[in-house]
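Everything below concerns the one structure shown next.
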Amino acid sequence: MDLWYSWEYIVIVLAGFSMSRSFCQSEKAPYYTFVHEATSAPHVLYYDYIIIGGGTSGCPLAATLSQGASVLVLERGGSPYGNPKIMNIANFANSLSDTSPNSASQQFISEDGVYNARARVLGGGSALNAGFYTHAGDDYVKQAGWIPEFVEKSYEWVESKVAFEPPMLEWQSAVRDGLVEVGVLPYNGFTYDHIYGTKVGGSIFDKYGHRHTAADLLEYAEPRNISVYLHATVHKILFTETGKPWPRPRAYGVVFEDSLGLKHWAYLRKSSMNEIILSAGALGSPQLLMLSGVGPANHLQAHSISVVVDQPMVGQGMADNPMNLLFIPSPIPVEVSLIQVVGITKFNSYVETASGLSFAYSWAHNFIREYELHLNETGQPSAVTAEAMSRATETLNSLVAETLQGGVILEKVIGPVSSGELKLRNTNPDDNPSVRFNYFKEPEDLHRCVQGMRTIIEVVNSRAFSKFRYKDMPVQALIDLMVNLPVNLRPRHFSTAMSLEQFCTDTVMTIWHYHGGCQVGKVVDNDYKVLGVDKLRVIDGSTFIDSPGTNPQATVMMLGR
């Protein structure tokens, strides 16, 4: 989410199950003396490092830097602690259906007509996602130019606080065995490593179903050296003018607003080492660079933003790993389980599963309503046809929001190769920018999706999974079900239910692993310093060319460390 983002935000939410055991209510949230509401902040602050975004990367980054310097973290959301919607697995998706102004999940619809969300909470996407924890592959680490020993030590640093081996119950075990049966080999058991075959990965949910987020990594921080302000929305980064004594712009401070609408200023202390670090995520970091004058000059000028550096690559390379799935109703009760098992195929599609779910039609209703309101308010043309909007609304109204026992088996495409761009809609940092991911624009992505869907169908038909199948419900009926559900606002075609290529294109969803916008080699250098300016870096998933492993959150936390 998790956002760092995982499968997690899909239009499917947990049903109202009675859990077989109560959750551990006695476990106390950490009490951080250095976390405050932004309304308590002085109007002027001075620090060695200013980190914009207390998310999946920002929290471990802040904890690490605080060991030897003063650190200010500005997080636009609130705290995850004490919020049962966030912290308990049984309430996993409730945050996603919360459309209130201060909810942890800020929803949006991409220009592709796909429902989406971004995190707005301390801990970022790790406070919203389905919890899957797994490393990047060795090839990914090599291509990124990271030092393997440092990577491994950083993963271990993260894992000592937030990663656990999940319990393997019946549904997850059946999918695991089905993957092995259909040839996704070898079986690698429980491991964090990203290797071909079928495996059980880690989880940030502990054995009591209690979520551990990147915010827990602040337990490593030196309390005397760190301040974290919540509901602190950064409006812009401040730069010096070009000329003496500096040959190019230098970041020296930020302007942020608290929940009461009061403005505050934070500045770097005078030192050659001090920096501002953007960790606002794949949407927030390129958006804030543009709002601060670093981006495509013509686009910035169209919004009356003074250009600091004409950087046309800001906002480019936006990619989201496309996800497609089948919902499988079960004749027998199933456990509530999030992502635990993954099949890592050699054709580069990843197969995962979750169970104990029901379709939340009201969530999709909220998206449609808010999307229409947005179009009315902005006067912008719709990214989806009126026919698609009408079809989605009619389908929602015709379906009964009843709990269906069962689960989903999904596939995610590696990479992806297809990408799009992010642009500003306006100059309000609280508003979502416009983003297009161009799902399946490149044939390679579509081919991988088709192969992944074929693998899912084989697993559904496997002997290992047979007890969770209605004998009189063929796979075609499952495909027809997905075609008729309002999983997005894209138009359906006559061949959607008959062609896996068209099925992939028409029923695509986000897996919330979107990335890009501030990519290495294009917007930042290999040390994550923003090109063309001084004293500014970006450390988050916006720097990625591809999404690491089967889920990026472990790697994003590792990167912050």
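Cβ coordinates come from backbone N, Cα and C, glycine included.
As given in TrEMBL:
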BINDING   T56, S57, V121, V234, W512, H513, G541, P552, Q553  FAD binding site
DISULFID  C449-C504  disulfide bond
DOMAIN    281-295  domain 'Glucose-methanol-choline oxidoreductase N-terminal'
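Per the record's binding annotation for FAD, residues T56, S57, V121, V234, W512, H513, G541, P552, Q553 show a top Cα-Cα distance of 25 Å. Across the structure, G541 (FAD binding site) and C449 (disulfide bond) place their CA atoms 23 angstrom apart. Note on the domain 'Glucose-methanol-choline oxidoreductase N-terminal' (281-295): its mean pLDDT in the predicted model is 98.
When Cβ atoms from all protein chains are considered, those within 10 Å of V121 (FAD binding site) total 29, not counting its own.
If you measure from the Cα atom of T56 (FAD binding site) to that of C449 (disulfide bond), you get 28 Å. In space, W512 is the closest of the binding-site residues V121, W512, Q553 to C504 (disulfide bond), judged by Cα positions. If you measure from the Cα atom of V121 (FAD binding site) to that of C449 (disulfide bond), you get 32 Å.
Its Cβ taken as reference, C504 (disulfide bond) is surrounded by 25 other Cβ atoms within 10 Å in the chains shown.
Note on T56 (FAD binding site): other Cβ atoms within 10 Å of its Cβ, all shown chains, come to 36. Between W512 (FAD binding site) and C449 (disulfide bond), the C-alpha separation comes to 16 Å. Calculated from their C-alpha atoms, the gap between Q553 (FAD binding site) and C449 (disulfide bond) amounts to 22 Å. Within 10 Å of the C-beta atom of G541 (FAD binding site) sit 33 other C-beta atoms, taking all shown protein chains into account. Within 10 Å of the C-beta atom of W512 (FAD binding site) sit 28 other C-beta atoms, taking all shown protein chains into account. Look at the domain 'Glucose-methanol-choline oxidoreductase N-terminal' (281-295): DSSP puts its residues at 11 helix, 2 strand, 2 coil.
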